Amino acid sequence: MGWTVTVDTDKCTGDGECVDVCPVEVYELQDGKAVPVNEEECLGCESCVEVCEAGAITVEEN
């Protein structure tokens, strides 16, 4: 089982909260937006979804 991590770049404000909260470093900021560069490491904990005030992140089980 894996997880699909999606960031809506139109909603993303680039505050980096998801980068800071993710326990397995799925995200990094690129050009002021969060990018799930290590999606295969995602644990599905949804901490990133909880801290994203813009509602830009979705995490779905494959």
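Each residue, glycine too, has its Cβ placed from N, Cα and C.
Among the features that Swiss-Prot reports, domain '4Fe-4S ferredoxin-type 1' is placed at 3-32. Summarising the annotation, Swiss-Prot assigns [3Fe-4S] cluster binding site to C12, C18, C52. What Swiss-Prot lists as [4Fe-4S] cluster binding site is C22, C42, C45, C48. Per Swiss-Prot, domain '4Fe-4S ferredoxin-type 2' is recorded for 33-62.
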Cβ within 8 Å of the mean position of the Cβ atoms of C12, C18, C52: remaining residues of the chain near [3Fe-4S] cluster: V7, K11, T13, D15, E17, Y27, A34, C48, V51, A54, A56, I57
Cα-Cα distance linking C45 ([4Fe-4S] cluster binding site) and C52 ([3Fe-4S] cluster binding site), given in Å to the nearest integer: 14
Sorted by sequence, non-C22, C42, C45, C48 residues with Cβ within 8 Å of centre, [4Fe-4S] cluster: V5, C18, V21, P23, V24, V26, Y27, L43, G44, E46, S47, V49, V59
By Cα-Cα distance, the member of binding-site residues C42, C45, C48 nearest C18 ([3Fe-4S] cluster binding site): C48
Cα-to-Cα gap, C48 ([4Fe-4S] cluster binding site) vs C12 ([3Fe-4S] cluster binding site), nearest whole Å: 12
Reported mean pLDDT - the domain '4Fe-4S ferredoxin-type 1' (3-32): 98
Rounded Cα-Cα span from C12 ([3Fe-4S] cluster binding site) to C45 ([4Fe-4S] cluster binding site), Å: 19
Reduced DSSP assignment, C45 ([4Fe-4S] cluster binding site): coil
